[in-house]
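> These came from Swiss-Prot, pasted as-is:
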{"type": "BINDING", "residues": "Ser121, Leu122, Leu123, Pro124", "note": "(6S)-5,6,7,8-tetrahydrofolate binding site"}
Amino acid sequence: MTHSLRVIFAGTPEFAAAALAAIHEAGFPVPLVLTQPDRPAGRGMKLQASAVKRYAFERGMAVAQPPSLRRAGKYPAEAVAALDLLHATPHDVMVVAAYGLLLPQEVLELPRHGCINIHASLLPRWRGAAPIHRAIEAGDAETGVTLMQMDAGLDTGAMLHEARVAIAPDDTTATLHDKLAAAGARLIVDALVELERTGALAATPQPADGVTYAEKIGKHEAALDWRKPAAALARQVRAFDPFPGGAGTLDGATLKLWAADAVPGRDDAAPGTIVDIGPDGVVIACGEGALRVTQLQKPGGKRLPAREFLAGAPLAVGQRFAPADAA
């Protein structure tokens, strides 16, 4: 089936690529794709195209990669060229998903149906850069995807559609990301079909109550504070997979802790102390309960199940991970 609604798409990572693929496969014309410039990545730090760029190039879509869209910003010449291109490209709506660049008011007002953002949370909870991580870290039972009519604020626009997704006890950011990407892809196609059919989408202002912000994840957050309850640390480990991982310092070496669950602990063990080692994992005392770590990684090594890790890097009961503030 083909559609007449013309969609400019702006997005960068895999989450966005899933939406672009769904829009394209549904038959909506995509006259232009915006994505961030290629970035160095990997061990060789070679320039890598974004997931959105790779998908668009493989299908012959026009792609622009401006470093900014702000006329008065750091890259005024590039911004002007990109804005001229947007003005010259006939379109009806812009869909934005994890693009990573601020859209000035000029861009927000350009499409006749405005700009629709695909946000990976149930707004107004978890506005901001890391909604998937923060939902898991906080112990939320569910999250979802919200389609929002973009305005000048940070994820403050009116809500158009939402889809709810349960957070499973073993979900990591990686697994939940994939669920939400699929939900967002379905949701945006349904919304575009409705927009084309009716000419407008019903918009509901976000409530003033329940607003929370999902701050960007920093590498420093990887360090586990063993004084916290084990349940909170287990959520932290899941929230920070694949980035930045959980981390603990043992005898001066920083180990990455990739999978863990909370188990009963011992009252006589100081937080951070290894209290048990077995084929099922390494059990570490916490402020409340204990954390059983089932997947570890030593510096320069690979992520390994506990059994394989211990075969090459034995640990001992009584060893103690350094406090987070001393690591």
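For all residues, glycine too, the Cβ spot is worked out from N, Cα and C.
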> Using other CB atoms within 10 angstroms as the count, which residue among the binding-site residues Leu122, Leu123 scores least?
Leu122
> Looking only at Ser121, Pro124, the binding-site residues on record, which one has the least crowded Cβ, with the fewest other Cβ atoms within 10 Å?
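Among the binding-site residues Ser121, Pro124, the sparsest Cβ neighbourhood within 10 Å belongs to Pro124.
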> Name them in sequence order: residues not among Ser121, Leu122, Leu123, Pro124 whose Cβ is within 8 Å of the mean position of the Cβ atoms defining the (6S)-5,6,7,8-tetrahydrofolate site.
His119, Arg125, Trp126, Arg127, Pro131, Gly144, Thr146, Asp155, Met159, Glu162, Gln206, Gly210
> For Pro124 ((6S)-5,6,7,8-tetrahydrofolate binding site), which DSSP three-state class applies?
coil
